[in-house]
Amino acid sequence: MADEDIEQATNLAVTLGWAALAVTVAYVAVALALKLVRVMARRNTTVQEVALRLRKPAHATFMVLAMWIAVWSTANRRDPWFPVLEHVVVVSVIVSSAWMIGTVAVVVEDRVLRRVGNRLAGRYARRARTQVMVVRRLTIGLVAILASAAVLFTFPEARAASASLLASAGVLSVVAALAAQSSLGNVFAGLQIAFSDAVRVGDVVVVEGEWGTIEDITLAYVVVGIWDERKLILPCTYFTTTPYENWTRRSSEVMGTVEIDVDFRVPLDAMRAELERLVRESGLWDGRVARLQVTAAVSGTVRTRVLVSGADSSALWDLRCAVREGLVTWLQREAPHALPRTRWETEAPSAVRAGAVEGGAQVRAPGPGESLAV
């Protein structure tokens with residue numbers, strides 16, 4: 001019995017020694033290969049980036065593969081420790097391979113995003129970016145699911161449990177379908193959002209009464225950045241079942257209004273000239289629309305409505321604020337008589353109008369054209 005234990009310990013030591021040697025050789029070989037690739041592709045930035053990003057997962061994958069080959073070739077399969085060591089190596093191979101595949105997918109998609117950003121602009125770039133981001137998450141999710149399933153199936157208990165589940169799939173399939181309905185609904189909604197071009201990363205939307213920008217689209221939820229830096233998290237199914245406003249569906253160019261109440265004596269031509277000067281000097285105007293109109297003249301004031309356009313919603317907001325401030329300042333400085341004011345006129349009864357005396361006091365009614373203004 002002692003001789004058998006000594007033999008098993010010797011076999012384990014030999015196997016571990018060969019495994020350590022194989023791991024060292026694999027590490028050096030991968031390092032040299034990546035160095036050679038980077039030297040040969042010195043002018044190719046894509047290959048340079050791939051080699052740099054794959055350094056850690058490639059080392060891990062090939063070192064584990066080398067360990068597996070060494071264990072399989074040198075170990076005595078009848079030793080009691082062999083199944084445990086083999087199982088650890090197999091799980092390590094699965095995990096490291098999934099890591100490398102996921103890294104390759106991320107690198108490829110990053111290069112696609114950069115190329116799209118350089119070649120496309122506007123809504124086409126936003127659409128491509130959204131689709132690539134969703135495909136990346138779907139790819140990583142599938143790789144993670146397949147790797148997890150492969151690891152679980154290396155355990156005999158998991159294989160037996162899966163066989164029993166398949167045998168009783170009638171009721172369990174219904175339960176699983178009900179449990180996964182919401183999650184799968186969000187996944188399919190995320191794919192629908194990405195490829196239907198209804199909303200894209202970077203679009204300006206109005207949802208739940210909030211104005212914001214689409215910052216991220218995943219397979220489960222959409223992140224909307226509100227103007228005050230809050231984040232609104234909505235499930236993907238929201239954008240397939242609920243109406244919402246997309247201000248940049250076809251173009252990022254938008255128009256907005258500024259309303260100012262002024263007095264009837266306002267010099268409209270001079271105010272229009274000031275509007276043109278303000279928009280031209282602001283640097284935020286896209287040159288399309290700058291118009292001043294009178295939309296109402298009731299209750300003692302004139303309501304002016306300024307219509308301006310901007311390249312995007314952010315520029316338009318700043319332009320509207322600048323135009324409002326500039327016109328108010330101009331009214332205060334150049335046309336103070338045009339500031340809104342309230343007038344009223346009091347008229348005495350006929351007896352008082354004639355100069356009658358009531359209670360010992362004489363009351364004089366306002367003469368023609370006399371009024372009290374505030």
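Yeah, the Cβs are placed from backbone N, Cα and C, and that goes for glycine too.
The domain 'Mechanosensitive ion channel MscS' annotation in TrEMBL covers 183-249.
Summarising the annotation, TrEMBL assigns transmembrane segment to 12-37 (among others).
The transmembrane segment feature in TrEMBL is assigned to 58-75 (among others). If you look at the transmembrane segment (58-75), the same-chain residues 6 or more away from its ends with a CB under 8 A from one of its CBs are 11, 14-15, 18-19, 21-23, 25-27, 29-31, 34, 82, 85-86, 89-90, 92-93, 96-97, 99-100.
Counting only same-chain residues 6+ beyond the ends of the transmembrane segment (87-113), those with a CB under 8 A from a CB of the stretch are 46, 49-50, 53-54, 57-58, 60-61, 63-65, 67-68, 71, 128-129, 132-133, 135-136, 139-140, 143-144, 146-147, 150-151, 154. Taken from TrEMBL, the feature transmembrane segment applies to 87-113 (among others).
Residues or ranges marked as transmembrane segment in TrEMBL: 134-155 (among others).
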Taking all residues of the domain 'Mechanosensitive ion channel MscS' (183-249) together, what is their mean pLDDT?
84
Please give the sequence-distant neighbours of the transmembrane segment (134-155): residues at least 6 beyond its ends with Cβ less than 8 Å from one of its Cβ atoms.
87, 90-91, 94-95, 97-98, 101-102, 105-106, 109, 162, 190-191, 193-194, 217-219
